[in-house]
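Per TrEMBL, active site is recorded for Ser191, Asp348, His378. Marked as domain 'Alpha/beta hydrolase fold-3' by TrEMBL: 109-267, 320-381.
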Amino acid sequence: MRAAWVLLPALAALSAYYVYLPLPGAVSDPWKLMLLDATFRAVQQTCHLIHYLRLSHHLIVLNYLICTFDKLKSVSSEDIKITDAVFDGVEVRVFEPPAKGDESLKRSVVYIHGGGWALASARTSLYNNLCRIMAESLNAVVVSIEYRLVPEVCFPEQYHDALRATKHFLQPDVLAEYSVDPSRIAISGDSAGGNLAAAVCQQLSKEEDLAVRPKLQALIYPVLQAFDFNTPSYQQNMNMPVLPRYVMINYWIDYINGNYELAHELLVNNHTALNVGRALSFRARLNWTALLPPSFKKNYKPVVQATGTEAIVERLPALLDVRAVPLLADDATLARQPRTYVLTCENDVLRDDGAMYATRLERAGVPVTLDHFHDCFHGCMIFTVWPTDFSAGVQTRNSYIKWLDENL
């Protein structure tokens, strides 16, 4: 009995130590965020153990757990018709609101989910709920793309899936089938989905024979570059819950089919050192000292290596491929982009990716709305349902949908 009285406080202390993380004072729902992060870390560590034992790839196990406990069946409701379809070989989930009166055509959003190109699904409740609310609030047809994931495929297959599905939907006969107004279509996505949305939008702007083009793009805390892992937001938020810097670097390594042994070299920017010839021409396009406002730059200093490892970009050319890294696009490509919305969060390693893209688009003449949230964190917009319900999620989702409603 005495042992139990000693053991229980010890376990409680260990649990508190595992859960607790020092967070900025402005973060909303800090204890709930700590618990969410502790859960993520525990599950990820279990999956890495399974990977280490060579029982399965850790991302397969992690995604299996996510989808097993969270997947919804395709069911039509009284309010929103939800169906699964295949667009040019790519699975999609379509959300259709009921017709209203004599309305003939609806607006539409093509949505690409996040998850580090490796996790989640258009069918999980988190994204099912988001897309249903978008369809209801906007009275819009929402097409959620179920692209293939790492480790089944790596770059550029996720990009190709998103591009094929989007181009299929933009065909006039397909739009007519879903009663969509071809002049009122947006392309959107969060995190890795924001990356794919930006890359798809850039490619569509280059294709001269397209009959229908998106009116808008809306990017939610997008990941847009692997050139510099020491931007102010990467330095400031390197240990932030949900997406610490080392996790984002590992997602990139998985996406471009690299080796985890390269993580440290990427971390210190050896792949874009001054002696790496292939990277030199891109440096001005990601110069955060000229692209970020003072409130983002704070007192952080650039990390630029004089000598690095050119072999990294030779082995992994995707690090400098605009289809994977949309922030590297030239000014002429950026000038062809549609009106853009970029949502960023202060407590997010990817904050500066979105802010730099917004600045470059604006300088290229594109109308841009940068919607920055000081108390929010990466991934928050999909966390709106118990037990992962955050005020930050509702706040960002409402602002995003409001912008779409006013501009689409």
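These residue numbers are counts, starting from 1, taken along the chain as shown.
From the backbone N, Cα and C atoms, a Cβ is placed for every residue, glycine too.
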Asp348 (active site) versus Ser191 (active site) - Cα distance in angstrom: 11
Least Cβ-crowded entry, counting other Cβ within 10 Å, from the active-site residues listed as Ser191, Asp348: Asp348
Helix, strand and coil residues within the domain 'Alpha/beta hydrolase fold-3' (320-381) as assigned by DSSP: 24 helix, 19 strand, 19 coil
Rounded to the nearest Å - Cα separation of His378 (active site) and Asp348 (active site): 5
Overall pLDDT of the domain 'Alpha/beta hydrolase fold-3' (109-267), taken as the mean: 96
Number of Cβ atoms other than its own within 10 Å, given for His378 (active site): 25
